[in-house]
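K.L.:
Got a structure here, written out as structure tokens. Questions coming.
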Amino acid sequence: WRHLLMFLGGQGIVVMALSFLVRSGAGGFKLYAGEARDERIVPNVISTARLILQISLCFLAVGTLALTLLLRLDGLSWPQSFWHGLWLFMSGYSTGGLTPQTQSILYYHSWRLELALLVISILGILNFRLHYAFYTGDRRELRRNIETVVLFWSVLLTLSLVLAGLLAFSVYPNLLTGLRKGIFLLISGHSTAGFMTIYAAQFFREWPQISLLALMTAMTIGGSACSTAGGIKVLRIGILFKALGQEIKRLLLPQIAVVAERYHHVRDYFLDDKMVRGVAMVTLLYLAVFFFGTLVAVCYGYPFMPALFESVSAATNTGLSCGIIRPGLPTGLKLVYLAEIWGGRLEFTAVLGLLAYGWACLKGK
């Protein structure tokens, strides 16, 4: 049931309702945009919602079959292979990270399964519009889209730092094990899936600081807009870098020069101050929440770096843990992490809107 909730939540309950219940497109866009899916893949909102559902169900069928066969090869019985395959696909594609076993993916000790889950997590990290571009053979969109460009470079840079730290400090006995652990956990963190192939305490017992900081950076960036992933989102990171480039050009060019910066995301957009302010506000909200959660954990007596790691993981809905979240966690810290998880899933702006509405109602009385 928890895996089904993740899968349905990843596609958006409103998308499910639009697919099955709503017959007319009138008013549908407000519901659709309310799920943070304001990009139409096809012109009609209802058709877009149904297409998202069809893509997801197609991946569900193929992914479950593939995972079932892999788990059977690893020695599980057919019933176990099917159910574990179904649950793991739902968890990976929706970037939820829950697994049937408390040891997460470490329980299976299967490089084949880890490779398959990497692919599934990457599918979950991508914008549904990019899924459609791949389906229709629009490779140009895949190359030009700001999200795929930023995602490629962020994965490359953070993965390089993770592996550099692991290999430089000889964390694992051989190169292959270091690559296997580093690549899987980095993609798991960047996609906010939260699958683990090491014990929680090993992060701070064995991993060097540079690898942990790179992993936290990947969790902070997260996935694409209009995807199942959490985090600040690569689209916002791309816009911030474009805005930075625009400001540098303004400093270097004559004062009378007109500097216009644009980016491609399904279609071409020009940066404007309102857009940049909105992106900066969401980014600052995330950073403020990270440090608030860290401060609370430090006040409870936890070290700074593990506290920061758990706070970033909670607010980005990643689920990776260094061992702070366990039975016996102080109630106050539980409530803080729950608030981070809830606010991070709604990207904080919806929460602020709700609070502002409540305050306005109180003032009205």
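Even glycines carry a Cβ here, placed using N, Cα and C.
So TrEMBL says this about it:
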type     : residues : note
TRANSMEM : 12-31    : transmembrane segment
TRANSMEM : 51-70    : transmembrane segment
TRANSMEM : 82-99    : transmembrane segment
TRANSMEM : 111-130  : transmembrane segment
TRANSMEM : 150-171  : transmembrane segment
TRANSMEM : 183-204  : transmembrane segment
TRANSMEM : 210-232  : transmembrane segment
TRANSMEM : 284-303  : transmembrane segment
TRANSMEM : 342-362  : transmembrane segment
K.L.:
In the same chain, who gets a Cβ under 8 Å from the transmembrane segment (183-204) while lying at least 6 residues past its ends?
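P.N.:
Non-local partners: 91-92, 95-97, 99, 103-106, 114, 117-118, 121-122, 124-125, 154-155, 158-159, 162-163, 212, 214-216, 218-219, 221-223, 229-231, 303, 305-306, 309, 313, 316-323, 326.
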K.L.:
Please indicate, using numbers and ranges, the residues of the same chain that are 6 or more beyond the transmembrane segment (210-232) and have a C-beta under 8 Å from a C-beta there.
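P.N.:
Distant Cβ neighbours of the transmembrane segment (210-232) are 10-11, 36-39, 93-95, 124-130, 147, 151, 154-155, 157-159, 161-166, 171, 182, 185-186, 189-192, 203-204, 282-283, 286, 290, 305, 308-309, 312-313, 316-318, 320, 344-345.
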